[in-house]
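> Have a look at this one before I ask anything.
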Amino acid sequence: MVLKVFFPSCCSSADSGILIGRWLSEQNSAVVLAVVHFPFIPVQVKQYLGEVQRVTKVSLSVLGSWSNSKQEKEEGLSEFLEDLGTIFSHEPWIQISKEGDSKFWSCSTLQKHSSSPKEEEVILVYYDQRKVMLSHLHPPLDTADGRAEDASKLSAIFDTVARSRVLFMTDRYNEGPIKLTHWQSEGVEASIIVELLKQASVPACMLLTFLLSLVSGICRSRVLKFWPLSFLWSKLSTCEQLGHRLQHLQVISSNKKAQTQTQLMRKANIFVSLLIDVALGILLVSWLYRKNRIGHLADTLIPMADHVAEELQDLLQWLMGAPAGLKMNRALDQVLGRFFLYHIHLWISYIHLMSPFIEMILWYVGLSACLGLTVALCILSDIIALLTFHIYCFYVYGARLYCLKIYGLSSLWRLFRGKKWNVLRQRVDSCSYDLDQLFIGTLLFTILLFLLPTTALYYLVFTLLRLLVVIVQGLIHLLIDLIDSLPLYSLILRLCRSYRLAAGVKFRVLEQQDGKPLRLLMQINPLSYGAVVQTYRLPTYSCYPKDSWASLCKKLFLGELIYPWKHKGEKQD
């Protein structure tokens, strides 16, 4: 049977000593975790292994000896290392030696207690302890029970390295009676700053949690549930984004420790997303308040609104004539045209009434960008919705009128065929009509049919205008959802430390020679960027309707109202 020895690459230049690790009898494998250097007392080594085993719940033992002939050239060293097998009784006793600068190592096994000892074929697998421990390829530590659930998988090796974290947490300036070599042999003094920041963040998180609980309590109060405030809170995208960011802050400031890797990555992604969002918002504020750009924007906004209103007036005048050579119903055309012209007149009066306060409103609205770029974009979307409210009203009027005629024509068409719509059973049933009903139905059908082109033309024009506004708002909300949902921390981690987001491992042959053990290098396979985005993507507050083109065309034909997005828990009309 082939013996597999997993050897940490950080110990390849270590001084001679003994190998400590875990023996996996099901796989006939040995996982080396560290090298204990000379001099040492065997009793202290056994006590140390017992303490580590009690904390980590991993059965550690002395697996064999390690000889680095570049540092140790005594003739009796090999015999001394073989004698250690009698003190630390382990079967088989693994002997690994490195001969000077040679790239080939020798690895042999001793079985002193076996009646018929035989030489086993050895495969030496190098692995990076730090990458294996941080790759999270092992099972969750809270569910592992100290033994591999499936011996045919590599999860036992990853689980052994991950659960032996206590063994690696040594201090460089506090050397004990046992000197070890592993991936963190230089000590952990560099992480003192990180530990101090962790300790200092505890009171800050408590204060932030208290403030957020106070704000969330105000938001959940009954005052906001009354009609005007509840309506504004559900319709304005700025309020939805602020509530979304409030939930993110509550997740970050929570003192509850993340139990899984997914929860930890979610917290980190939210924190980085908030940080970048606020940084971009501050950059936007600095750009707006430089060189009086707010004043220039306010001076441009009123003429732009007047120009849009004038263009709408010209469009209505064109519709009230003979648009594209079409002959419309003059009476209905004049009524609809004057009705919409009156609304435009009201809108122009409203804009000119608000013109003295536009600059002051924009000045204070610009400060809200300090809360994040997404908040500023939501305010921009709401401003566009308010400035184009008259277009939305035109669209609603035209859609309702067109929908009324379409449903009236369809009902009267069923009357001609002797059918009617059964409301209770939700189906079309046969029905007999008398002569008066057929006569009145014929008159109404003729009237609605000849008035339909005029109504359809107004509906088509205002639907195109509404769709233009919807596309602009949809692009803004797509950018907001991109900032909110993009896992920036995971992407940065994939770019800088790809082993932290591992999908598996691969083995590469280093050297192979007759009479020498086969040397393999175990490497971490990282997740692809698409898999990272799909796995760690953050949820957003708005969900776009997944209507097909056929469904969208059907809604446009029937005159149903179409919105660019709908909020969670809100049904689309």
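Note that Cβ sites are derived from N, Cα and C of the backbone, with glycine treated the same way.
Annotations per TrEMBL:
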{"type": "TRANSMEM", "residues": "200-219", "note": "transmembrane segment"}
{"type": "TRANSMEM", "residues": "270-289", "note": "transmembrane segment"}
{"type": "TRANSMEM", "residues": "335-354", "note": "transmembrane segment"}
{"type": "TRANSMEM", "residues": "361-388", "note": "transmembrane segment"}
{"type": "TRANSMEM", "residues": "394-416", "note": "transmembrane segment"}
{"type": "TRANSMEM", "residues": "437-461", "note": "transmembrane segment"}
{"type": "TRANSMEM", "residues": "467-492", "note": "transmembrane segment"}
> Apart from its near flanks, which chain residues at least 6 from the ends of the transmembrane segment (335-354) lie with a Cβ under 8 angstroms of it?
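302, 305-306, 309, 312-313, 316-317, 319-320, 389-390, 393-394, 397, 454-455, 458.
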> Residues sitting near the transmembrane segment (437-461): Cβ under 8 Å, six or more positions beyond its termini, same chain?
315, 319, 323, 326, 328-329, 332-333, 336, 340, 398-399, 401-402, 405, 408-409, 412-413, 415-416, 559
> Mind checking which residues of the chain, 6+ beyond the ends of the transmembrane segment (270-289), have their Cβ under 8 Å from one of its Cβ atoms?
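Distant Cβ neighbours of the transmembrane segment (270-289) are 245, 248-249, 251-252, 297, 366-367, 369-376, 483-484, 486, 488-489, 492, 538.
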